[in-house]
Amino acid sequence: MKMKWLISVIILFVFIFPQNLVFAGEDKNEGVKVVRDNFGVPHLYAKNKKDLYEAYGYVMAKDRLFQLEMFRRGNEGTVSEIFGEDYLSKDEQSRRDGYSNKEIKKMIDGLDRQPRELIAKFAEGISRYVNEALKDPDDKLSKEFHEYQFLPQKWTSTDVVRVYMVSMTYLWIITRELKNAEILAKLEHEYGTEVSRKMFDDLVWKNDPSAPTSIVSEGKPKRESSSQSLQKLSSAVIKASEKVGKERENFVQSSEELGLPLKIGSNAAIVGSEKSATGNALLFSGPQVGFVAPGFLYEVGLHAPGFDMEGSGFIGYPFIMFGANNHFALSATAGYGNVTDIFEEKLNTKNSSQYLYKGKWRDMEKRKESFTVKGDNGEKKTVEKIYYRTVHGPVISRDETNKVAYSKYVSFRGTEAQSMSAYMKANWAKNLKEFENAASEYTMSLNWYYADKKGDIAYYHVGRYPVRNNKIDERIPTPGTGEYEWKGFIPFKENPHVINPKNGYVVNWNNKPSKEWVNGEYSYYWGEDNRVQQYINGMEARGKVTLEDINEINYTASFAQLRANLFKPLLIDVLDKNKSTNGNYTYLIEKLEEWNNLKEDENKDGYYDAGIAAFFDEWWNNLHDKLFMDELGDFYGITKEITDHRYGASLAYKNISKESTNYKWVNVDQEKIIMESTNEVLAKLQSEKGLKAEKWRMPIKTMTFGEKSLIGIPHGYGSMTPIIEMNRGSENHYIEMTPKGPSGFNITPPGQIGFVKKDGTISDHYDDQLVMFAEWKFKPYLFNKKDIYKAATNVSALNMSK
């Protein structure tokens, strides 16, 4: 792949062509200057931060007001008021697990003055545009408001925090402990206690010392897999898990229809001066939050005396998550640390609104919520629901028959506004110490990355992690009777972190941060077979690296058949041992060794280039079924998401490579299974398609940005063009921190401006980065004023005194 010339050509094109344009929209009045570059990205120049953040809210609302409204309503639990009863279940869960306006205001009031004031100014900026739009709805309200017949509301700081919660908080409000308990209970019923616990420990291990980590350390921790301390749970856990699981499926479906981000992953890399070819620190960002139109990321430049920053953040956030200021570049990925526990509450047989806690019956907190729901005939009705809360948190399931309830305990509950404030402080930091101080105040589970002008890099696994009672197993729910409460939180300095690591770089794809760190119910995310190995392999195969090298590594990771990393060498080895018995095996070895493990379509004919990729895909599926389907039987369906997870298939690898496991999953020779799968798949492909791999080529999988509108209704706004499927960030930033400041290239598809006129007309910048994204082209990362004005197509001013 010829990456370097693609990058050079597009950057050259961008800098040359706009320079002689006349700024028809230029306004000489004083105020905040809004400089729109040739991709529609606003670069804001203000005389103070208050004006800057108000302008920030204003331009975001101008570009994406309908999207902001959906996010706000998504957390507020008022979607069904606009779109009807199909969304009531989602609203109910949002209210059940969420906060009242009063509770959010209390959080905001506890913030330091500057972030508190600037969040308010950001909200004022959104309201400023709302006021303008309400006065001129035909021109300034996007088509969706007219189509669905409702008006936007003015915003407050509370709404800004709600938008933050709807995306960031959702990731950690998880209930996997119930699913694990369901699996364990069903296995116990089928296989008995002793055997089932061995199986469970293999499926949901506590700690895999072979798992790749972002912090490279010497030595290996002891493998933890014993479940001798498993707490006894009620038989009601199966019913509760199935109920909560169904509710979550409905929540996910309706949220995706509304365009709310639920798939939060991400990859990132930082390179220090010793590993960098230029001696400058490098940073790569690849937040994975889905592909929709308009996108979830909003790009902006923020400039005020003493503060300059350029980059992207999630829509509605008053800060930048992926970008750089004058002093350093920053990025983030989801940390997947264990910040949520489910507690099993014992209910009073005489009063199911009471639960046993520390030897006494306590009344649950009780509150009534009213929902305004739009009916099919357009008329609105009121629906009332009662919600309960224990000392541990919101009650997510109650079983009146078995007198058991389950509540959700979240370590960062009540601190969400503090985390927003911490991110704003990270934006304003001028050095590593100030960045680290901001990181120490962040309470949700993320990985933070830092690369500065001095060549220094740093990585922090941020978050507020509980110190749990060592008598319980954190993979399943905890008894809520008071004996097994959290004992506090791990000090920030003990969270995994590293500054200027010896290997010269840090990479992450939501993998394990360090050898000793575990993540409870989601431990199967962090195993020996993990997708981050794509970035590790890429870095280790190179000496000193450039941004172009990192881009090539990212390209490889985006198209890789992830199972090929560990399983292809095993397959080739077994084929080599048996090649004398069948001439086809030598041919397969040749094709597998030629294959670069990528599912790409460089000749753009609509088929993956390598026919052997079709063989490997089918071989893997066949092999996986042979390893687990017969052994698990009816349980195969509920465990496949573990054994064939998108992050890796570690248990399958341990089985097929003859590593030690607690339970004997394979009762025949592993090589025999590999050969059986090979012979079956080979016979099928040769019979159906032909003898040679060139005939096996399969059609590419495609994806679109916004095939449906934000509420699931097809639209024709120019983003239905299919492109090849990529396991890639929703945007990419590549930044080099030179002595003069940040430089580099980026792409934020499908485009900057999501506004659709009443007549359906879209902006030129609605999807102008879509084809570039598909072709791995980039635009220049604009930071200094001279370059920004060279690329400008419109300069206007906002008078903040009006």
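One is the number of the first residue shown, and numbering goes on along the chain from there.
Including glycine, each Cβ sits where the backbone N, Cα and C put it.
Features as listed in Swiss-Prot:
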| type | residues | note |
| --- | --- | --- |
| ACT_SITE | S266 | active site, nucleophile |
| BINDING | E177, D341 | Ca(2+) binding site |
| SIGNAL | 1-26 | signal peptide |
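Location within the structure of each feature annotated in Swiss-Prot.
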| residue | record | DSSP class |
| --- | --- | --- |
| E177 | Ca(2+) binding site | helix |
| S266 | active site, nucleophile | coil |
| D341 | Ca(2+) binding site | strand |
Quiz item: Using Cα coordinates, what distance in whole Å links E177 (Ca(2+) binding site) and S266 (active site, nucleophile)?
Solution: 23
Self-check item: Spatial separation of D341 (Ca(2+) binding site) from the residue listed as 'active site, nucleophile' - C-alpha basis, Å
Solution: 24
Quiz prompt | In the chain carrying D341 (Ca(2+) binding site), residues 6 or more apart in sequence that have Cβ under 8 angstroms from it | solution = E177, H392, K408, Y409, P466, R468, E474, P477, T478, W486
Exercise. Count, for each of the recorded positions E177, S266, the other C-beta atoms lying within 10 angstroms of its own C-beta, and report the residue with the smallest count.
Key: S266
